[in-house]
Amino acid sequence: MEKCSWALQSPQMQDYHDKRWGRACHDERLLFEYLVLEMMQAGLSWAIVLKKQAGFRRAFDDFDYQKIATYNEEKIAALCHNPAIIRNRMKIQAVVANARAYLALQATFGSFDAYISSFTNSQVIHHQWHNEEEIPSQDALSQKISKDMKKRGFRFVGPTIIYSYLQAIGVINDHVLYCPCYKEIVSASQVK
């Protein structure tokens, strides 16, 4: 069965593609987890991030953003020496800053999900790509959200990272047309 070619790189990538990527996500903890994983990927391959996902979960208290928001310099220093994660100090500091910004955003909008949904009127954007080369690395929506998030104190949230994030959490359906996941996501988004 044909599907998005990047999914065929490994069983782990295929599992991520088939079960998670592009599927609507409204869980606040998972939304934060995906944001962390996307920003950690900057400059690296997604395969590396997936291999370290369990390590990230352990290191970042199961992505409990309330707990992460309280991390101090000592905790950040310890994370910088944790071989189970990507040990980039700037990215780790950004995770902590983003947890704080995430909480502030929740206080303003009621939830992070409501914030993200406000940019698309809770609608999924279904692109109709015939091949993966057509898929952009960013668009006007990701640029707008990136700019707004930066203004609200988020870090490592450039338009390319945000575009990947919107794909991951199901705001943008960028499965290619021949991929069976494309139709599944279209059908699921029409049932409300």
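Here the Cβ of each residue, glycine as well, is placed from N, Cα and C on the backbone.
TrEMBL annotations: computationally assigned, not manually curated.
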Quiz item: TrEMBL records His17, His175, Cys179 as Zn(2+)-binding residues. Which of Cys4, Cys80 is assigned to the same site?
Solution: Cys4
Quiz item: Cβ distance under 8 Å to Cys179 (Zn(2+) binding site), same chain, sequence separation 6 or more: which residues?
Solution: Glu2, Lys3, Cys4
